[in-house]
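Encoded as structure tokens, the structure appears first; notes follow it.
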């Protein structure tokens, strides 16, 4: 399997050095919201490699470690002497202080949650135009009691004497708190002050830039050869296909594989909506029996993902041969809608542990015969939607709630069978109908409906005892799928969904609500 689409070089890139922070991806998103491009690199990356990427600025994230712990992440002092503007947050702030000769105390001066910050120099680079007293979000045990030489202390709390410092001459800045979270009321403003004033960057990274850069990168990669793109019915594959079509036009053929794992009515919707919006050449392959046969007897979620990924590629290879027989030239490239969170969750890009194999990243066989084109690989979901709108795709496609490539296959906890798929389709359709009727489509990120196929519970319907399956509702709110909270849906909507499912769907006698945030749980059950 060949490498993905080469990322076009951004003129100004902010590198977020990840020290194991819960919010590292959120920091990268906040930088992009300020219209400056950002990427994440692991703290294990040597300083010379970080600097070799020619960053316009560097942000040091928070992290769970103490600077005093044996084996805690460190940074070579040369990073701070390279002339690149650096902004330390939480652990990154403490690491900067300690490395440059300041004092960090392991004194038990803990602050967790909302804290009042007193700004001691309102005209400073970071805090100009913000209130002298402001709420910030803290999460630390150690505390900085003395700033390094040459730094000006610009903020403190009742517990921490040095909660922010700045060195304009060396362009080094730091805060003890988390400006990236919404609980820090002026956090985005402080971050933008670092980017625009401290680092001298301009807010010129836009969806138009993304389209222009990716179109050029795709043309350079594909040349005059041909590509196919698998349409799943989702936002990601649709936007990826639209981008590639803009780049290479009729050299692209889209293939929709009906693997039998889609929700009710979705196959017809894909054929109608996407073709109408783009005019792209679309080939539909009915492979439902093949997928069900391959999944027979399989309950392990990782194995299911691998099988679905493998069969998907095999179907694509067959489609390639058919397209070649019909149109001639060889198809050399496969377009995928891989996003940045997919890469991160699969352990790529940040040195993190593999949470689960993503169907767009780790679920592909090693002997794949295509070279991958992944034009969305560095984007978050909200950015993908903006690119889709810029490309002129309709809201029916761009605003569609996320749905995994493996489809209902990973929303059945247990073996996947036709009967179980039919049952889950009906339950899912009811939930979607009621959420739409209540006007909640845009208020939630997505609402997976899950069948616990290997679980049964006792119930009573009419005068008889039942022994049916439970259905799980998993409504979540999120900005980018990296973190999520369960959505507080109105009780009357939940009641209507539950009543309809238990009355209208055979062999289901219980509906339960998943109230787990991410972390610790992932959005999908499998």
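Going from the start of the chain as shown, residues are counted 1 onward.
Just so it is clear, glycine is given a Cβ too, placed from its N, Cα and C backbone atoms.
If you check Swiss-Prot, you get these features:
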ACT_SITE  90  active site, nucleophile
ACT_SITE  178  active site
ACT_SITE  180  active site
BINDING   232, 233, 234, 235, 236, 237, 238  ATP binding site
DOMAIN    13-204  domain 'Glutamine amidotransferase type-1'
DOMAIN    205-400  domain 'GMPS ATP-PPase'
Neighbour-count leader, CB within 10 A, recorded positions: 90, 235, 238: 238
Alpha-carbon distance [residue 178 (active site); the residue listed as 'active site, nucleophile'] in Å: 6
Residue, out of the recorded positions 180, 236, whose Cβ gathers the largest set of other Cβ atoms within 10 Å: 180
Distance from residue 180 (active site) back to residue 233 (ATP binding site), taken between C-alpha atoms, in Å: 33
Cα distance (Å, whole number) from residue 178 (active site) to residue 234 (ATP binding site): 33
Spatially closest candidate among 232, 235, 237, 238, the listed binding-site residues, to residue 178 (active site) (Cα to Cα): 235
Pairwise CA distance, residue 237 (ATP binding site) versus residue 180 (active site), rounded so that it is a whole Å: 29
Chain-internal residues, separated by at least six, CB under 8 A from residue 232 (ATP binding site): 256, 270, 337, 403, 405, 407
Shell list (ATP; ref centroid = CB of 232, 233, 234, 235, 236, 237, 238; cutoff 8 A): 231, 239, 240, 337, 397, 400, 403
Other C-beta atoms that fall within 10 angstroms of the C-beta of residue 234 (ATP binding site): 21
Integer Å distance between the CA atoms belonging to residue 180 (active site) and residue 235 (ATP binding site): 26
Distance from residue 180 (active site) back to residue 236 (ATP binding site), taken between C-alpha atoms, in Å: 26
Euclidean distance between Cα atoms of residue 238 (ATP binding site) and residue 180 (active site), Å: 30
Surrounding CB atoms that lie within 10 Å of the CB of residue 237 (ATP binding site), all protein chains: 25
For residue 233 (ATP binding site), the number of other Cβ atoms found within 10 Å of its own Cβ: 22
